[in-house]
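Colleague: Feature annotation from Swiss-Prot assigns active site, charge relay system to 120, 166, 267; the stated evidence is similarity to another entry. Taken from Swiss-Prot, the feature disulfide bond covers 105-121, 200-273, 232-253, 263-291. What Swiss-Prot records for 80-293 is domain 'Peptidase S1', and it gives sequence analysis as the kind of evidence. Summarising the annotation, Swiss-Prot assigns N-linked glycosylation site to 141, 177, 276 and lists sequence analysis as the type of evidence. The region 'Disordered' annotation in Swiss-Prot covers 33-60. Taken from Swiss-Prot, the feature signal peptide covers 1-26, and the record attributes it to sequence analysis.
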């Protein structure tokens with residue numbers, strides 16, 4: 001999570017407003033991208049052990065739940081009042097995706113046995129675990145750590161021209177017990193729409209200054225405003241000196257004045273908006289232009 005001195009921090013998100021195609025999820029290993037925070041040297045953790053490749057698909061109804069369908073999802077006892085460090089229990093669905101105890105990406109608990117993250121965070125070469133229930137990325141005394149049984153990367157995940165379908169689901173080895181610090185977030189139905197200028201929130205343990213090598217120890221949060229598609233595309237095109245449409249259907253942009261946005265290590269975390277006291281995940285941290293620029 002970065003707080004820079006630029007006039008506007010810009011981040012592209014992958015929308016979760018449509019169910020995944022019902023097809024076989026065979027052998028989908030994500031290519032390496034620069035966004036996840038994988039080791040202190042900036043590369044993947046050399047100690048991570050191999051993991052079996054992604055397997056057949058998860059239940060599609062994970063993507064059709066809505067706040068009204070469950071009294072358990074999307075509720076937190078704490079109100080948002082601002083700040084940098086997230087208060088304990090403010091984001092009970094926040095997950096740290098890890099290899100050998102090292103944080104690489106964020107994630108979100110969507111049921112007792114499923115975690116949602118970014119596709120580019122997952123490789124078939126590694127075993128993963130998830131840590132939840134504590135705002136500290138390192139302290140495991142008060143948190144729950146569960147091994148990942150299977151990983152499913154979206155079958156149409158691609159980095160050609162632009163990043164598409166950057167989603168993955170992690171099936172846990174056993175269900176977690178819900179507590180005040182461990183709760184699932186709500187996932188919107190397909191026809192759900194996010195309006196421009198909606199104030200939403202992103203959280204993560206990513207780098208604070210862009211050039212730092214280590215993740216933030218304490219979970220960070222920052223509010224972001226949803227940007228209209230056309231405006232976002234123009235800004236991205238200008239930044240990349242390109243005339244191509246980089247922002248495509250299935251993406252949404254978030255921005256914050258004064259250069260506050262996500263950074264390496266925040267990938268896979270969620271963009272969540274509050275509706276009628278219920279938190280709904282509308283996007284996943286996928287990619288951006290620098291950190292806090």
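Just so it is clear, glycine is given a Cβ too, placed from its N, Cα and C backbone atoms.
Distances, neighbours, how buried they are, the whole picture for these features please.
Modeller: The secondary structure of residue 120 (active site, charge relay system), as reduced to three states from DSSP, is helical.
Within 10 Å of the Cβ of residue 166 (active site, charge relay system) there are 29 other Cβ atoms, across all protein chains.
When other Cβ atoms within 10 Å of the Cβ of residue 105 (disulfide bond) are tallied across all protein chains shown, the result is 32.
Following the DSSP three-state reduction, the secondary structure of residue 273 (disulfide bond) is strand.
The Cβ of residue 141 (N-linked glycosylation site) lies under 8 Å from the Cβ of no residue that sits 6+ residues away along the same chain. Under the DSSP three-state reduction, residue 141 (N-linked glycosylation site) is assigned to coil, being neither helix nor strand.
The Cβ of residue 177 (N-linked glycosylation site) has 112 as same-chain neighbours under 8 Å, each 6 or more residues away in sequence. When secondary structure is read from DSSP and collapsed to three states, residue 177 (N-linked glycosylation site) falls in the coil class.
Just so you know, the Cβ of residue 276 (N-linked glycosylation site) picks up 8 other Cβ atoms within 10 Å once every protein chain is counted.
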Colleague: Give the number of CB atoms, excluding that of residue 232 (disulfide bond) itself, located within 10 Å of its CB.
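Modeller: Looking across every protein chain shown, the total is 22.
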Colleague: I'd like to confirm something. Which of the recorded positions, 120, 200, 232, has a Cα closest to the Cα of residue 166 (active site, charge relay system)?
Modeller: 120
Colleague: On a count of neighbouring CB atoms within 10 A, which of the disulfide-bonded residues 200, 273 is highest?
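Modeller: Output for this query is 200.
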Colleague: Averaging the per-residue pLDDT over the domain 'Peptidase S1' (80-293), what integer do you get?
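Modeller: That region's mean pLDDT is 80.
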